[in-house]
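A.B. asks: Grabbed the feature section from TrEMBL, which reads as follows:
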COMPBIAS  1-28  compositional bias 'Acidic residues'
COMPBIAS  469-479  compositional bias 'Pro residues'
REGION    1-30  region 'Disordered'
REGION    460-483  region 'Disordered'
REPEAT    98-139  repeat 'WD'
REPEAT    164-205  repeat 'WD'
REPEAT    209-242  repeat 'WD'
REPEAT    404-422  repeat 'WD'
Amino acid sequence: MDEGDIDDMDLRADEEEEQSGDEYENETPAEKRLRLAKLYLESVKGSLAEGEFDAADIDKEIIASRLKQDVLEHSGKVHLFIADSFDFSSPPQATFTAKGHRLSVTSSTVSESAKHLFTAGKEGSIIQWDLLTGKKVNTFYKVKPSEEKQKGKGKAKAPVDPSVSGHTDEVYSLAISGDGKLLASAGADRRVGIWDVEKGAWIKGFCGHLGHKDAVSHVAFKKGTNQLYSSSFDRTVKVYDLTPGVMGYVETLFGHQDHILSLDALRGDVCVSVGARDKTVRYWKIVDETQLVFRGGGRSRIREVLEGGLKGDEEGDDMDVDGASKKGQQKSYIEGSLECVCMIDETTFVSGGDSGSLSLWSTTKKKPIFTQPLAHGLEETESSTEGIIRTPRWVTSLGCLRYSNIFASGSYDGSVRIWKLDPKLKSFSLAGTIPAPGIVNSLQLLSPPKEFTKHASWLTRDQNQSSNSPPPPQVPSPGPDNSTYSRSLLVVASLAKEHRFGRWLQQKEAKNTANVFYFSSRTSSS
């Protein structure tokens with residue numbers, strides 16, 4: 001080959017072809033936003049056209065409402081005002097009861113797909129159920145540790161054996177990731193367990209220097225991610241990243257002065273927790289590494305002085321522990337411990353304590369926006385010296401339908417109470433009750449996919465057997481929220497003879513079960 005031939009060769013041909021292949025390289029940011037918006041609109045049209053109505057019915061109003069709904073879902077604010085769509089004054093349309101634990105059921109949770117139900121008990125086992133068929137799928141039994149590692153030196157606790165694949169003591173809490181692939185469990189063995197849902201196998205346990213130093217009381221996933229929060233009796237909250245390939249510890253949050261009994265999290269980089277007898281709700285801002293402290297326990301003159309907000313002796317004397325006037329009330333009850341908490345949206349949450357009070361909080365206010373005293377009534381105990389003693393029933397559990405105006409509370413009065421928030425999120429009122437004998441150790445509310453009502457065999461069976469039950473749920477006409485919402489609600493409750501942390505509360509006549517209550521919404525004509 002001579003030099004002339006080399007000079008005639010176009011050595012830039014491949015480079016030019018590669019550059020011309022990227023047609024979006026030179027587009028401006030405005031053009032890119034326009035292109036992505038068009039692609040999104042096409043995907044929305046496609047998803048709506050695959051529904052139960054003709055694609056020709058899709059107009060600008062439906063698409064605009066869908067876009068608005070997507071924005072609301074990521075805004076972190078309450079946008080599902082659907083409490084009036086359900087009749088909570090009537091019994092649930094169907095109930096599934098999971099019986100399989102020998103001792104008290106401490107926790108139960110359903111995946112967002114409503115395919116799996118997991119329950120945990122004091123005997124240390126976790127049971128997986130198929131919620132469509134109602135059958136038991138798998139059981140993760142308690143593991144017995146090696147004998148040489150069961151005892152500690154002196155008064156020290158026995159070291160946690162990291163080689164054990166499972167829990168060696170009572171299991172207190174369960175949580176499922178948003179994609180339904182991971183199950184997290186917390187137990188009295190100071191271990192946070194991670195399980196593979198599809199394989200039904202143990203993946204990893206966080207313990208020792210990466211785990212807690214005392215019993216783990218609660219676990220919760222950040223919505224839509226694999227970020228896990230855990231709380232413990234060691235007064236700390238720990239953060240874990242369970243992304244495949246990472247599966248590791250992130251950080252520890254300090255601040256509580258007593259056992260952390262409950263925590264909750266939603267989509268944002270925040271979580272809330274309650275610290276039992278330190279009587280505080282702490283709102284953790286993970287990214288900012290800061291926390292907001294909300295003090296429960298009611299109002300009093302001494303507390304107003306300590307917080308620098310005393311307005312006058314007359315006002316202080318007239319306020320009871322629930323923030324209501326003493327005039328016309330016979331007796332007030334002091335809140336000594338905060339037991340549970342649940343998040344309604346990114347800035348609003350509800351707490352419950354041993355005084356029986358439910359308190360509605362906002363991150364913009366230092367004190368509760370609204371307090372419902374004696375939410376589950378009074379327990380009467382007969383004493384030979386004092387006569388009849390009336391004490392408030394604790395609020396033992398809380399659950400909320402995420403970003404909606406519905407939440408539920410549990411105690412040991414034989415019922416789960418459903419509460420409805422007002423549109424301005426300034427107060428709430430009782431919407432109805434669900435019979436639930438026993439101590440309610442955990443609550444979960446979720447809207448299942450529309451396919452759930454078609455494939456759940458126990459759901460159709462219960463509706464056919466009950467002559468008083470309403471007809472099966474009707475599919476509503478196409479509308480703005482038909483493609484987003486399921487017109488049904490599941491309330492998952494753990495019912496037991498004993499409280500999940502001890503034996504100081506007992507209901508001997510109760511049964512150790514996990515109940516799933518199904519509610520269908522009213523028809524559009526009603």
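Start at 1 and count along the chain as shown; that gives each residue its number.
For all residues, glycine too, the Cβ spot is worked out from N, Cα and C.
Since we're looking at a predicted model, the values are computed, not measured.
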A.B. asks: Please work out the helix, strand and coil residue numbers for the repeat 'WD' (98-139) from the DSSP assignment.
C.D. replies: 0 helix, 23 strand, 19 coil
A.B. asks: By DSSP assignment, list the helix, strand and coil residue numbers for the repeat 'WD' (209-242), in that order.
C.D. replies: 2 helix, 18 strand, 14 coil
A.B. asks: In the repeat 'WD' (164-205), how many residues does DSSP assign to helix, to strand and to coil?
C.D. replies: 0 helix, 22 strand, 20 coil
A.B. asks: Give, as a single whole number between 0 and 100, the mean pLDDT over the repeat 'WD' (164-205).
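C.D. replies: A mean pLDDT of 96 is what the predicted model shows over the repeat 'WD' (164-205).
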